[in-house]
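> Submitted below is the structure of interest, expressed as C-alpha cells.
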Number of protein chains: 2
Amino acid sequence: MTESIYANYPPSLSPTQQEFLVTTIKDWAIQNGLAVRPPPTYVPEGTDPNRVLATTAPVTLFPSPFPRSCFQEAEALQTAYNRLYATITNDEKWLGKIIEDLIDVDDFVANLWKTHLAVKEEGYVQDLSLGLFRSDYMAHETANNAPELKQVEFNTISSSFGGLSALVRSLHYDLLTSPPGFSLSYPPHPLFESNVPPENTAVETLSGGLAAAHIAYGPSKSSPKLPLAILFIVQDGERNVFDQLALLKRLTDFHKIPVFRVISSKILDQTSIPASDPSRPLVYTPPHSPTTPFEVTTVYLRAYYSPDEYKSSRDWEARTHLERSAAIKCPTVLNQLSGCKKIQQVLAEPSGPDHLSSFLKGTDSSLIERLRKTFAPQYDLSESGQGRDLALNPESALKHVLKPQREGGGNNVYKSEIPGFLKSIPEADWKGWVLMELINPAANAENVALRNDGEVLRGNVISELGVYGTILWDNKGNVLHNDQGGWLLRTKGKEVNEGGVAAGFSSLDSVLLF
Amino acid sequence: MTESIYANYPPSLSPTQQEFLVTTIKDWAIQNGLAVRPPPTYVPEGTDPNRVLATTAPVTLFPSPFPRSCFQEAEALQTAYNRLYATITNDEKWLGKIIEDLIDVDDFVANLWKTHLAVKEEGYVQDLSLGLFRSDYMAHETANNAPELKQVEFNTISSSFGGLSALVRSLHYDLLTSPPGFSLSYPPHPLFESNVPPENTAVETLSGGLAAAHIAYGPSKSSPKLPLAILFIVQDGERNVFDQLALLKRLTDFHKIPVFRVISSKILDQTSIPASDPSRPLVYTPPHSPTTPFEVTTVYLRAYYSPDEYKSSRDWEARTHLERSAAIKCPTVLNQLSGCKKIQQVLAEPSGPDHLSSFLKGTDSSLIERLRKTFAPQYDLSESGQGRDLALNPESALKHVLKPQREGGGNNVYKSEIPGFLKSIPEADWKGWVLMELINPAANAENVALRNDGEVLRGNVISELGVYGTILWDNKGNVLHNDQGGWLLRTKGKEVNEGGVAAGFSSLDSVLLF
C-alpha cells in the first residue's frame, strides 16, 4: 500500500503548471520570510558587498507523503525523549565514562569535556538547564508490515529550522487551498483530497521553552539589579538568519522578552561577569546602547555546535565564559555532549545493558519499549563487539552506514565503502565511529525541489522527519517544563545521501499524512 | 516651532548604532516581506537568471516628523476627494472638453480617449466603476502660520505602495518599541517619547474596495455560470511585486476571494469575452488550470498607467478588451483620464469658474473650502492666461514648477529652467504642460536612507504624504462604497527633486506626528 502511494506521487506538471508553481513559491517565500541569505556559489561575495540580498529557502514544490502512524508516534514519544536526554545530561558519571573514551580520537569532544571539568572545578552556579531538542527520524519500510519509525539522530544543540519549517507548512497549506474555495495550484491528486499538512507549532514550542527558562531564572542577581534578556549566540555571516528571527519575533511580540543576537566572536567583548560577584551574572552590554546593560537569563546557542567554529583558544574561552555564568544554557556543555552519536549508539546497542529503563525509571514499560523500537541497531567497533565484524564483512557492510560521532558532521561512509575506509585509517581511530544499520525509507518516493538558486530539480528523494521538544530541568532531576510541538521535514535528492553529488538538493518540506 | 522640530532631527548615530539599525532593518525587511526584486543596477540580469533574489525596499532609518494638523486634514478630506473624482469621471462632457484639447500634444491621452469613444460607441455594459485613489501632499511651510496641506497630485490608477507602506509603519513601530519594555534601537529623542506612527490600514482599505466591487458585481453573467474572481493586471518583470501581494493576500485570507495576476501582455491570451454573449462577461482561464475558467468581476490595473507600457496596437487592443467587458474596472479609461494633471490644474486655477462647488453639490461649503485650500495655484500656458507670464518671467518662474500632465512622469522642470525649456519646445506643445506654484516643505528636514543596494545615505529630504481612499459608484452618481484609510510617506533626497542626481534616494518612510 505504501509503495503505491509513492508510485503515483507527485502528480506530473505541465511546463505551464510548473512555471506557475515556481513563480508562486518564489514570491510567497519572500513575502513571508521563508528566505535565506544567498550562498556564495550563487551570489559571489563581491556582488553583494552590503549583504542585502535574500533568496527563497530551498523547498519542495509539493508536500511529501508520510505515514500517519510514524508521525504520530514521533510526536507521542518526544516528551519521553526530552526526559531521557535531560537524565543522561544529569548523569555526569555515566556520560563521562563514555566521553573519556573518545578523548584521544576527538579533539572537539575532548575540549568540550575539558570545559565542563574546568567549570565543575570552580563550581557551577546555575542548577537549571534548558534543552531545545529535535529528534530526527525516517519511516523505515518493512517487507510486510506497516512502516516503522526509526531514529536517525537526536539533536541537543541549536535544533534549527523550526522557524522556516513552520513557514513551509504554511506555504504548502496555501498552495493546497488556493484560490479560496478551490484547489487549483496543484494538479488534482487523491492525496490532496481534504488533506493538508498538520499544524506546525515549532516556533511556539521552541520559544515557549526559552520563555520558560527566562521566567525560571528569577530576579536579577546583579547589584544594582539589571533588566533581564535572552541572548542568541549566532555565527558570523549566518545565512539561515530568518529561521532564528522567527523565534526572536515570537519571544518579542508574544512573550515580551528582550532578545539580543550576539555573534560568537563578540561574546567576550559584549558580555562580562563581574569578578566580585560570586553569583556570576552574565551581563550583556548592547554596543548600540552601552548605557543600558542587561543581565542574561538564558543563552541559546545557534553557534558553537561544530568543531570548525572554534578557531582559536579565544572561542574556547568564550564558551567557558558562558558555561561558568549564571545564565541558563541551552545547552550546557554536558547536554551538548549527550547528543553525541556515540551516546545514541550505546543506548541502541542491541546486546548491551538496558540503559533506557534505568534512565527512565518510573516510566511505563510499554512506553520505554516504544522508545526502544525507534532505535536502529548500532554498534561500536571495539574488538569485543559485534560491530567490527559487521563493518569489515563486505556483505554485512552493505546494510550499514558508518557515522562519525560528532554533531554537524555529514561525513558518513556508506555500505560497500565501509571496509575499505576503515582499513585506510588507524585502528586506534575506529572508536570515533559508530556503525548503524541502514534505515530504508520508501525507495520510490519522488518530489520536485526549488533550490535557492532558483533551479528546479526532480527526482527520487529521501525524507527525514524532525520533531521538536523542549525541556527545562534542574541538576536534581526536577522537570519544570517539558513540551513537544512542531516538526521539520527535510527532503534530499537520493544521490546526495549516497555520496554528496553536487547536482543534488536538500530541501525544506512538509508532510501529507496517509 | 516647526523649524526647531526639524533642526534636531533625526538624532545622530554612532557607527555602531548605525550598523545595528541597518542590520536590523535589512533583516526585518526580508522577514516581513518589505522587499523588492533587485534593480538591474545592483544585480545585473545574467547574475540572477532565475529571478529568485530579493532585496530590502528602500526605506528611511527613522520615521519623519510630519505636522499632525496636516495629516489629520488629509485623512478628513479623502472621502470628499473620492467623490470629487468619481463625479468628474461621470461628467464625460466636461472631461472630454479638456481632454480633446490635449489630443494633439499627447498621444497617450489621445489613445485613452479614443479607447473610451470606441467602447462608448459599442455601449458600455458595466455601470459600476471602482477607484483606488491616493492623494499626495506636502506640508507647505508658511512664514508665520502653521504648515498647510498642499496637494501634489491625485492618483486615479494603480495607487501603489499601500502594501509596503503599511510594513514600513510596522518597521518603525517595532524599532521605536524594542526591545519590549525599552526603547533602545534608536538613540533617545524627545519626539520618540510616547510617540509612534499612527496605524496604517492601507491594505485593509484598498482590499476592502476591491472586495466591495467583487460583491457588487453580483452573480455570474455567463451561461453556464462561472466562479468569480478578481484580476490584477501587472507589468512583466514587475520589481514591486510584494507590494501587490500584500493586497492579494488580504483578499485571499480575509475576504476569501480568488485573485489572479495576469501580465498585461497576456491579457488577450488568457481572457476572452464570448462573442455570442451581449452581457460581455470577461472570462479568465488560468493557464495552470485550463479546465476551470473564472468570470472576472473586477480588473485592478497595476499596469497600463504609463505611455511606455503601450508598445504596440496589441496593448491598446487589450486595454479596449478590458474596457468593453462587463468587469468592473479599477479604473475605467475615463477615471484614469480624470487623474491628468491638466484636470488638477483646471480645478486649482485661481481665477477660473468654481468647478469644485458644482461637482460637490450638496456638500457642506466649509468642506469644499477646506478641499480648495489644499490646491496650490496652478495655471495653463494659454495666451489668455496668467500662467504664461509667470512661467516666462525669470523671477516669477523661480517660484514654480512645470509639469507634464501625464501620470507616471517625473520629467518636471524647475524654477530658473522653466523659461529656457519653454522656449526650446514648439509653442504648440505648451498646452501639454501645467505650471504649479512650488510647495515649500520644511527646508531643514533630514533623514537617513537605506537604499535597496544597501548603501546608506544621509541628507536633506523632502517628504510627500499620500492618503489612500476607495470609492465604488455607478454612472448615475450613486455611491455604493466610499472609504479612506492608510497612508504612504515617500521621502526623497533633496537633490533628486531638483534634477534627478543619481546619488540621491527615494525611500518609503512613515510619519511621527507633532
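Just so it is clear, glycine is given a Cβ too, placed from its N, Cα and C backbone atoms.
Worth saying up front: this structure is predicted, and the values here are computed from it rather than measured.
From TrEMBL, here are the annotated features:
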type	residues	note
BINDING	A:Arg134, A:157-160, A:238-240, A:Gln244, A:302-305, A:Arg490, A:501-502	substrate binding site
BINDING	A:Glu153, A:Asn155, A:Glu407	Mg(2+) binding site
BINDING	A:Glu153, A:Lys341, A:403-412, A:Tyr414, A:436-439, A:Glu464, A:Lys492, A:Glu498	ATP binding site
DOMAIN	A:229-338	domain 'Glutathione synthase substrate-binding'
> Translate the DSSP assignment of A:Gln244 (substrate binding site) into the three-state scheme.
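A:Gln244 (substrate binding site) sits in a helix per DSSP.
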> In whole Å, how far does the CA atom of A:Ser158 (substrate binding site) lie from that of A:Tyr414 (ATP binding site)?
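Spelling it out, the Cα of A:Ser158 (substrate binding site) and the Cα of A:Tyr414 (ATP binding site) are 26 Å apart.
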> Work through the binding-site residues one by one (A:Glu153, A:Asn155, A:Pro404, A:Lys492) and name whichever has its CA nearest to the CA of A:Arg134 (substrate binding site).
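For A:Arg134 (substrate binding site), the spatially nearest of the binding-site residues is A:Asn155.
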> Provide, as an integer number of angstrom, the distance between the C-alpha atoms of A:Leu438 (ATP binding site) and A:Tyr305 (substrate binding site).
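Spelling it out, the Cα of A:Leu438 (ATP binding site) and the Cα of A:Tyr305 (substrate binding site) are 25 Å apart.
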> On a simple 10 Å Cβ count over all chains shown, which one of the binding-site residues A:Asn155, A:Ser158, A:Ser160 is most densely packed?
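Going through A:Asn155, A:Ser158, A:Ser160 one by one, the largest Cβ count within 10 Å is at A:Ser158.
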> If you measure from the Cα of A:Asn155 (Mg(2+) binding site), which of the binding-site residues A:Arg239, A:Gln244, A:Tyr305, A:Lys492 is the nearest?
A:Tyr305
> Going by Cα-Cα distance, pick out whichever of the binding-site residues A:Glu153, A:Arg239, A:Gln244, A:Tyr305 is nearest to A:Tyr414 (ATP binding site).
A:Glu153
> Return the residues near A:Ala303 (substrate binding site) by Cβ distance under 8 Å, restricted to its own chain and a separation of at least 6 in sequence.
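The answer is A:Ser158, A:Ile233, A:Val234, A:Gln235, A:Glu238, A:Ile263, A:Ser264, A:Glu309.
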> Expressed to the nearest Å, what is the distance separating A:Lys492 (ATP binding site) and A:Gln244 (substrate binding site) at their Cα atoms?
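Distance between the two Cα atoms comes out at 22 Å.
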> On a count of neighbouring CB atoms within 10 A, which of the binding-site residues A:Tyr305, A:Tyr414 is highest?
A:Tyr305
> When you tally the Cβ atoms that lie within 10 Å of each candidate's Cβ, which of the binding-site residues (A:Arg134, A:Arg239, A:Lys492) has the highest tally?
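For the binding-site residues A:Arg134, A:Arg239, A:Lys492, the Cβ with the most other Cβ atoms within 10 Å is A:Arg134.
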> For a three-state summary based on DSSP, what are the helix, strand and coil counts in the domain 'Glutathione synthase substrate-binding' (A:229-338)?
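Summed over the domain 'Glutathione synthase substrate-binding' (A:229-338), the classes give 41 helix, 27 strand, 42 coil.
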